[in-house]
Structures are given as structure tokens and as C-alpha cells.
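J.: Right, I'll just put the structure down here and ask away after.
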Amino acid sequence: MSPVSICMFLVVLLVYSLTNTSASSAVRTAANLVYLESPTDTPAEKLEGALLNALVFVILIAFVTFVLVLLYYYRCTSFLKHYTRFSAFFVLSFMGGPIFLTIIQHFNIPVDSVTCFILLFNFSILGVLSVFSNGVPILIRQSYMVALGIVVAAWFTRLPEWTTWVLLVALALYDLVAVLAPGGPLKILVELASRRQEELPALVYEARPTTNANISGSRGGSTLAGLLVAGMSQNDGSDHGVELQAVSASPRTNIGNYENEIASESGHMVINMDNDDEEEVEVVREDQEETSPLMAGNSRERSRSPMMYESTDNSSRRLNEVAVAEMMRPRRERDGDEMIEVMNGRGIKLGLGDFVFYSVLVGRAAMYDLMTVYACYLAIISGLGCTLILLAVCRHALPALPISIALGVIFYFLTRLLMEPFVVGTSSNLMMF
Amino acid sequence: MTVAAGIGYALLALGPSLSLFVAVISQKPFLILTVLSSTLLWLMSLIVLAGVWRAFLPFKTTPSSSAWLPYSILILSSVVFQEGLRVLFWRIYKKLEDILDAFADRVSKPRLFLTDKMQIALAGGMGHGVAHAVFFCLSLLTPAFGPATFYVEKCSQMPFFLVSSMIALAFVTIHTFSMVIAFNGYAEGNRVDQLIVPVVHLVAGMLTLVNLASGGCIIGIPLLYCMALFTLLHCGKMVWKRLADSQNR
């Protein structure tokens, strides 16, 4: 939850400080191919144009997803890996660059162009390296994920208003269809990956460090218990995630990941396992040669991807099925703390597409008022919570977008149309309750 | 007035809540979730109220201060609705407490302690207070980050932002602690406590009506702070008594 909050907060900040300067530069992007909105059109025209735009965009995304599924089917994994690296570089430098420049112009920061270029270049290269390698500290990788999300979201907020809202709704629907419907591309991807017991190269935010120990199943029994507890306390039946290190040709790694499980920074609820449950999980563990570290469960959430790159989610592991079953029995007392906490320290693995579209929604709300920002933020967080609970119940891949986006859009329009005249009317007369 | 002033106003309204949050609530993730869901609940209550009253706004008021009546009806209805929602919140919390206790029994760990229950009530109250502060005060603060300031004629001694932040601070205190009082009242079946909370809320809401009169805020705001202080003291006394009782048992 907290990386999502940080991303949204930074996007709101960016939108607030840069709204004046960006003005009405109509950017023609893939989301604008059909219809370029201008303030003088009638609402009917705008709605029609926005629908067409959204349709074209969704078709484009679906096409790209199918291409990716094909590539994955024919095992062109290294191509996918290189493509993801290229898109990370492209996003950070060519899309982050203009934002960077706008900030410099807006705040009159004295820096010369050569320094600027070198800084940007270094920034992008480090981003590319951190996205896929294991040697980079987890904090850097997380920051770069958030940075990628911010850059793409900031670009999306430049779209005109009607197009943005219709696009968000269309993408939420697409996500729903693509993940749950029998012919959906993301569903095929998940099944392929699970059948091959492999992991996809994808861009995913993960909240805990992972090491790539190339051990498979050979662990001392004594440490196993401790690790299991620590490990289970990291994941819980939700979220998805692909291990980014999977891209390399050693899928059977990651059993060692448990060692570095520290309570995730996200400060979520931790579902700790009781000591009694360990044996069961242990047995299953020995059967597993390869595991996706920490992943809980069958339940994954899929994430949407914008045009630039696909962030897809991974499949489930049998281990995790059991783990999830164990985890559904929460409650364990924390040391010395009397309160029984329902703690869920999931190493959150959230697809980057989710970050982007949540931030786009909040950024667009920020362009109206702070009240709408807060309302949409609450709606998205509670939607995320609901999705996670649903995930723990359903235990298979679920789309992360629909519930949050639906709640967010509803709350935005309700707040803007209903609540604002009411609250502003009373509080500007200094009457509150 | 400037970014500094804007941040100052925001902290004036939300500073104590922030420190309470960092000190007490951020230690336990469950409490953070309680704050978030409580804020969501009160946001929804505000939306429902706004939906109902939308048709009647803005009030057409003649200069002869007949704005009292519609506003007072508005405040009365809103307070009644919110207090009703508080009872609903209590019922949901009761169910949650039962579930938690059942789990605790199953894994043979101790049940929720009294301090834990009070902390949950505090978190719930804080959610209410933060929702109030954000929607009634912070959302209007955006102009305060710019170069100028704004005065309302009815209360021309201080900038509007300062007045609204101060009122918001008083209300945040009232909301946060009256939730604790209310939960304790419902748990123990103590009629006095149960009734004090809606009464305080109503009185505080009505006090702000004084702000409609010119210069009214000079009287209104200190009285509001008296209510906040009263809530604080009552809550403190009640908690002290309850803790002392449970220790003696």
C-alpha cells in the first residue's frame, strides 16, 4: 500500500506544480489517435470522441498483449527481456527527460545542458540495470519502479479530461476481460507460464529483497522452520509478481529468498503463521524444486500495461497454494505486544501498470481539487484492499484494476458534483459539523 | 500567503493528529487500517448528506439573517445522521471484535485487552477527525499556497484560512476523543456517556452557527475550544477510571 501511496502523492505534487506550465499543449499520442479534444466541442462530441479514442487504445493494447503472448509461446524470452530493458530506458530518458526539463524551467534551477544530459543518462542507465539484475539493493530497485510509474502517469495526465476518464474505465473493463475471460491474453499467459513452471520477464514492484540462491531444496531442517515462518510472513495470498531475476535461464532459484525476508516496509497487515503449521508446508516444500519465492498462492493479480511495456504477472506455485491455506489462519501474537494483530506482511508485488493507472486517476482528480484527490485516494486504497481480500478468497489470478478504478471514478464524480457545493458552502461560511 | 503559510495552516489543523498517528497508530498496522476505513465511512456519510441536501443548495438568504434557520436544520440533520452512523460503526466493530476474539481462542492466545480496544476506538475517532479536517479545512487551503490571503467579512480579524484551521483543530479533537467515549459508553452500557457524545457534537455544530453573525467568531471559537477541552477531560477521566477498575479486578 505505501509504495502506491508514495507514487500517487508524488504524481499529485508533480501535477500541482506543473499544471500551469504545461497549459494546453495537445499531445498526439496513441491514446489520441482518433479524436483530439478541444474545449469548444459540445459534450456529445467530446463523449463520442473519447469513446472512440478509448476503443482504439484498448484494441492497440490487446494487440500488443497478443503479440507478447505469441512471443512467449515461442520462447523468445531473451527478446522479451531486451525489449523490457529498452522500454525502461526509453521511459526514463525520453519521457522522464521532458518532465525533468519542465521542472528545471519551472523552478529556475541553474544547471547547464551538458550536466543535465549526463545526469539524465546516468539516471536512465542505472534504472535499466536495477530493473533486472540482482546485485542492486532493493531500495534502488523499488525507487526506480516508483519513478517509472510516476513518469508514465505524468505523461498520461496530459491527455484531455474526457478521454482520460473514458480510457480509465475502458482499461478497467479490458483488464477484467483479459484476465478472467477464457480467451483473454493475460489468462493464456498465466497458464503458459504456470505450465512451464517459469517466470515471465516483467516489470513488477516488489517490496522485499530477494536473493538468487541457486540451491534447490537443500536446506538444513533447522533453518527451514525459521525461514518458513519468516517467509510466510511475507506473503500472503495476494499479489502477483514475477521475480525479476527469473529472466535469466535459471528458474529454479529463489528458495534462498526466504533468508532475506524482513518485514516488508509497506507495513501491511502481517499474517503470521503459527508454529504448528510449519510441518505441512515443509513437506510440500521438499517436493518443490523451483519456487517463486514468496509468492503466495495461486492468487495473483494481473496488472495492466500501458503502451510502453507489459507488466504481466505470474502464475502460481503449488507450494503457495498450501501456504495460502496456512495463511488464512492468521493471528499470532507479536512479541510482547498484547494485541493480537492481524498482521499481513506481504512483500507486496504489484504490477507497474496498476501503479500507473491509479496515479493517473489521482493526478486527474488533482487537477480539479484537493477534496477529490483525497476521496479518490481513499477509494483506490479501499479498492486495493478489497481486491486483496478477494484474492485470498478466490486464489487465482485476479485483475487489480477494476474495483479500484470503479470506486475511484464513482467517488470522483460524486465528490465533484455532490459534495463540493455542500461542503464549500458551509465551510466558507465558517460553519462546520 | 506562501508555501510556508499554507503548510502552517495545514499543520495547525492536523498537527496533533499527525503526532498521535506517528506515536500510537503507526506502530500497529491494524490501527492504520482502522483509520483508513473510518475515514472512508465518514467520507461516504458526507457524500450521502451532500446528495440529500444538494437540491436545496445554495440557500437563498435575504440580508436579514434568515440564514439561521436553513443552516441550523442542515447542521441538525447532518449531526443526527453522523451519530446514527456512529452506532453502526460500533456494531461493525463489535462483530469484528467477536471474530478476533474467536480466532484468539482458537490459537489459544490472549484476547483483546482493554487498551487495545481503546486504541481501536481512538483510531476510529481519528479517522473521523482527519476526514473532517481534510474536507472542511484542507480542501480550501490550496489558494493559501499562493501569494495572497483571504478575509471573510463576518470575521475580519484573522485570515479565513487561520479561522478555519482553528475550528478544524477543535473539531478534530472533539471527534477523536468522543469516539473513545462513545465506544466505552456502548461497551459498558453507560447511558450518560452514550448521550454525551451526540450532545457534544450537536452543541459544537450549533456553536459554529454563531459564526454567521458579524464578529461572531470571537465568541464562537473560544466556546468551541471549551467543548473540545471538555471532551478531552471527560475522556481522560473515563479512561483513567476504567483502567484503574480493571487493574483492581
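Any Cβ shown, glycine's included, is placed from N, Cα and C.
So TrEMBL lists these for the protein:
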- B:6-25: transmembrane segment (TRANSMEM)
- B:30-56: transmembrane segment (TRANSMEM)
- B:68-89: transmembrane segment (TRANSMEM)
- B:120-141: transmembrane segment (TRANSMEM)
- B:161-183: transmembrane segment (TRANSMEM)
- B:195-213: transmembrane segment (TRANSMEM)
- B:219-240: transmembrane segment (TRANSMEM)
J.: Compare B:68-89, B:161-183, B:195-213 by their Cβ pairs under 8 Å to the transmembrane segment (B:6-25) and return the stretch that comes out on top.
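T.: Comparing B:68-89, B:161-183, B:195-213: B:161-183 has the most Cβ pairs near the transmembrane segment (B:6-25).
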J.: Counting CB pairs under 8 Å, which listed stretch among B:30-56, B:120-141, B:161-183, B:219-240 touches the transmembrane segment (B:68-89) the most?
T.: B:30-56
J.: Test the contact criterion for the transmembrane segment (B:219-240) and the transmembrane segment (B:30-56): 3 or more CB pairs under 8 Å, pairs 6 or more apart in sequence, then answer yes or no.
T.: no
J.: The transmembrane segment (B:161-183): which same-chain residues, six or more beyond its ends, come within Cβ distance under 8 Å?
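T.: Distant contacts of the transmembrane segment (B:161-183): 5-6, 9-10, 12-17, 20, 86, 90, 93, 117-118, 120-122, 124-126, 128-130, 132-133, 136-137, 140-141, 144, 149-150, 152, 155, 193-194, 196-197, 200-201, 204, 208, 217, 221, 224-225, 227-228, 231-232, 234-235, 238-239.
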